[in-house]
Amino acid sequence: MVENNDVELSEAEAEQYDRQIRLWGLESQKRLRASKVLIIGMSGLGAEIAKNIILSGVKSVCLLDSEKLKETDLYSQFLAPPDKIGENRTETSLQRARALNPMVDVTAETKGVDNLPDSYFAAFDIICATGLKQEQLERVNNICRDNNKKFLCGDVWGTFGYMFADLIDHEYSEEIVQHKAVKRGPDDNEANARETVSITVKRRAIYVPLQNALSVDWTKPELRSRLRRGDPSYFVMKILSRFRDEYNRNPDPAQRKTETEILLRMRDELVKELSLPAGFIKDALLTDVFGIVSGAAAVVGGVIAQEVVKASIARFPEAEDKLRMEMNVVSEVSDTRYRLAAETAEKAQLLTALLPAAQDAASYDLKEMLQRYKDVILLNEELLAGCHVRRATQEQTLTSLKNLHTILQQAARLRVGKYSKMVVNACRKAVSDNNTEALVKILQAGDT
Amino acid sequence: MVARVAGVFDEKLTEAIANSKILVVGAGGIGCEILKNLVLTGFPQIEIIDLDTIDVSNLNRQFLFHKEHVGKSKAQVAKDSALSFNPNVNIVAHHDSVISNDYGVSYFKQFNIVLNALDNRVARNHVNRMCLAANVPLIETGTAGYAGQVELIKKGVTQCYECQPKAPQKSFPGCTIRNTPSEPIHCIVWAKHLFNQLFGEEDPDQDVSPDTADPEAAGDAGSTALTSETSSGNVERKSTRAWAAETNYDPEKLFAKLFGDDIRYLLSMENLWKKRRPPTPLSWDSLPGKDNIEIQHSGLPDQRVWSVYECAQVFAASCKALQTDLKSRPEGDHLVWDKDEKSAMDFVTACANIRSHIFNIPLKSRFEIKSMAGNIIPAIATANAIVAGLAVLRAQALLKGEIEACTSVYLRPKVNHRGQLFVPEKTLTPPNPKCYVCSPKPEVALACNLKHLTLKDLNTAFKEGLNMQAPDATVEGKGLVVLSSEPGETDHNNEKTLEEIGLNDGCALLVDDFLQNYEVRVRLQQEDEEKTWRLVTDADSPMLGPKEEKTANGSSGSEPKPGPSRSKEDSDSDMEIIEEDDDGEPKPKPPKRRRTEMTDEVVELC
Ligand SMILES: [Zn+2]
């Protein structure tokens, strides 16, 4: 995604993208313009994702879908004209999709995922998959991993939805707002006003693949204690995925009553299988999962597209002046420390990571409507990264010299000036002292 | 037309949607998204109001509009585009300001829910009052960059839009702007004032010449200045506009006065420069950067910081263009500053930068100055889509009668430490019993000097401070009308002071706005020191006074144009988002401290 970063934006681009350039900057907009995105599934959710990404000004968007437009799609699919029922969903969406932003190259692929070779997917920078079975999702995810491409997926059933991102090993910069006391000029009466300043820090997140997230062993004691406080959204997603895998379709609004019964039965099976607490997944959670509700598609599609944009523009601004860089890199390290410390204190962080809306929901009686936005499952990348780190330290132990070498390299790369030396020396000294605990810490902060 | 596919919603909601009538105020970033969701869901009767027309900079997010629509009515194009998603719904589009007698309380009463998708506080306040008066639930939305929020406002149940006093817009003392600027924004505000002095509506509060009444300069104000330069001396007694017209807007003469003579005058106010670095006057013939004009620049000119010489060239060209524009208008007409108007923006960029150079303040690119001068809030498609989605889901919950579930929800720029991207309030926020808008007996105090404040000023205070459109005021207990919104009824008293028309300390006025169906009791409070006026609520939280320089051109700009959206500041937001404190997240420590910690740790480890 670096091919034409050196080409300046045209006046027309600067004008059209003005309001977002003011948010993420000119360089980010250039990087966005290099990004090739594949969107799988042209349901209402696919249309929302496509709209947002095309508007943002990526290089190209391919819409992939072999299905035909159905009446239920009209509830949320605004790219396909309502009189095209029975035609291919992606072909009928093409015209309106292109009209959203003529500067983006929008194409359609009418073959299904199963009829396309791995190499097809590897040609994109980022893939967003919707409406697929778990097996298909895992295949696409693994192709992405093998080719170091970013993968996102999500779905909406009724007013329920989820989102998952696997950006593999992801470095990005982040703006942090800080409050700072300032002394104003002699003209100003408020002598010590507080003002907010934003600084840019560099961050790194290690993601886990979808199959790991879906095969978490919930019988582990540290996770079970979390269930009592947790949000059942993750399991609702599992039930709906299973329904799709089993029946090769989504629950049918026309058979609302009978299909709800099937879903409740599947719920009971899952509860038994994972020994979940009785009443954990309330009936009400499985009654509003028919069709795709436009508002929910807008929310989940917005979140997924925002992740695509972030993944496209992520890169540490190299032009930062050195002083700033020093401070930020150091603060990044201490942030990582903070996170890991918190994790050790409360080991079962993983569940919250999977179910971010959990704690609030548990603190009062869960209302169906509140569920509608909370049910967007956001796999918290950073905390998952922490989990991954922990696994690495447990399973692989810490004596690998190769690992240490990598750490030293990273330390050297990330840090400048005396701080660079300080960190590298700290690592070396830890090795020579055979300070196991210190090494664990450095490994955790630096590498997996 | 009912919700389109049976079985997506339960019967109750399907029925409620089929019988609903919804008003969407604003067809901008959030408005387009809301309209799409409503239409797709099958809401059968929708009205949408927006007075704005489509601009190119809208196209990155207002997806119902395309390039060929630029210049057309937002409401109308939004309606046409949305109907293509579902031709079976009925949409009424109003290319109009929502602040109009056409949209009174009875108009609002016909809707089940009003959804606000506005970009300015004046219109938000107004719709808030209309919905309170009509007792219609209002779903208020806003975004700023990645962040956003959705809030339900229901009379007697939740707080209203005006229950909490909003943070005043950042303001600067007049003498900082006129005499002692120290930041780029000071020069930008000055440049906008200069635009109004020369081409726009002349406002005595926007004087750009040196302020001899600056308390800091007391004693020596201009005593030695300009006594020998009669031409400039005369300028001080004339309006800047008249003088400029006499010189036929000659750029070199204007430059010589603004950036030469006026600066020398300031230098003569020696007290100002005892602790400050004094400014350096410029002359047209020896400008920095003149020798480097051959350099080829790559990239967009907006992104590059121009040299002082380049600024002067742009100053000259934009002066001429603006003068031509002004001349082409009928006598007495004036220009209105608009960040999207090329010459107007060029003029402000050039003047702000030249002044910055004079005062040793860093120069800025046109792009950066546009952000500050136009008060542009960044806006992206995704945040608008998410907030609009949440708003319509909230509307569905309301229709189902689940009002308790409609708590405020915040979209955060990134997940918080609990992993939440959406942070909901746990319960509805009850009304502020002392709110001067929605409490059963609204009351507020007006601090002013009754010996100086005129009836005209009082009218302004009601309009600007209390956000009324056409205030009427009577003396409590006496029924005496002191201010009438009917033309001619009380105009003859406009220039009289409040004391002269018989109002004294402690007396109470009943102030009423017929359109808003809103009445408030205003107690007058004599304060000798108060130069203009100031509202004091019962909670004793000081509120915004009227006459300070304001950076945000929002409601205090030269030409407030209340309405669903305003071409001058294009954003979908007027929200106060508290980034760091809304959920008890640990406050970030200053970077310096972190560095120390890091060092400590390394030492500890070894
Ligand atoms: Zn109120």
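Keep in mind that glycine also has a Cβ here, set from the backbone N, Cα and C atoms.
Taken straight from TrEMBL:
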type	residues	note
DOMAIN	B:8-435	domain 'THIF-type NAD/FAD binding fold'
BINDING	B:26-31, B:Asp50, B:58-61, B:Lys74, B:119-124	ATP binding site
BINDING	B:Cys160, B:Cys163, B:Cys435, B:Cys438	Zn(2+) binding site
ACT_SITE	B:Cys175	active site, glycyl thioester intermediate
REGION	B:201-240	region 'Disordered'
COMPBIAS	B:224-234	compositional bias 'Polar residues'
DOMAIN	B:446-530	domain 'Ubiquitin/SUMO-activating enzyme ubiquitin-like'
REGION	B:533-606	region 'Disordered'
COMPBIAS	B:571-584	compositional bias 'Acidic residues'
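Only B:Cys160, B:Cys163 of the recorded positions listed as B:Cys160, B:Cys163, B:Cys175 bring a Cβ under 6 Å of any atom of ligand 1; the order follows the sequence. Taking Cβ-Cβ distances under 8 Å and a sequence gap of 6 or more within the same chain, the neighbours of B:Asn60 (ATP binding site) are B:Ala379, B:Ile380, B:Ala381.
Each residue in B:Leu132, B:Gln159, B:Tyr161, B:Glu162, B:Pro431, B:Asn432, B:Val437, B:Ser439 lies on the same chain as B:Cys160, B:Cys163, B:Cys435, B:Cys438 and has a C-beta within 8 Å of the C-beta centroid of that Zn(2+) site, without being one of the site residues. Neighbours of B:Val122 (ATP binding site), defined as other CB atoms within 10 A of its CB across all chains, total 21. In sequence order, the recorded positions near chain A, meaning those of B:Asp50, B:Val122, B:Cys163, B:Cys175, B:Cys435 whose CB lies under 8 Å from a CB of that chain, are B:Cys175. Mapped onto DSSP classes, the domain 'Ubiquitin/SUMO-activating enzyme ubiquitin-like' (B:446-530) shows 14 helix, 28 strand, 43 coil. Per-residue pLDDT, averaged across the domain 'THIF-type NAD/FAD binding fold' (B:8-435), gives 89. Separating the Cα atoms of B:Cys160 (Zn(2+) binding site) and B:Asp50 (ATP binding site) is a whole-number distance of 22 Å. The shortest Cα-Cα distance from B:Cys435 (Zn(2+) binding site) to any of the recorded positions (B:Gly26, B:Gly29, B:Asp50, B:Asp119, B:Cys175) is found for B:Asp119. Spatially, by CA atoms, the recorded positions B:Cys163, B:Cys175, B:Cys438 include one closest to B:Gly29 (ATP binding site), and that is B:Cys163. The most densely surrounded of the recorded positions B:Cys163, B:Cys175, B:Cys435, judged by C-beta neighbours within 10 angstroms, is B:Cys435. Within 10 Å of the C-beta atom of B:Gly26 (ATP binding site) sit 33 other C-beta atoms, taking all shown protein chains into account. Taking the Cα of B:Cys438 (Zn(2+) binding site) as the reference point, the closest of the recorded positions B:Gly26, B:Asp50, B:Asp119, B:Val122, B:Cys175 is B:Val122. The secondary structure of B:Cys163 (Zn(2+) binding site), as reduced to three states from DSSP, is coil rather than helix or strand. Using a 10 Å Cβ-Cβ cutoff, B:Gly29 (ATP binding site) registers 31 neighbours.
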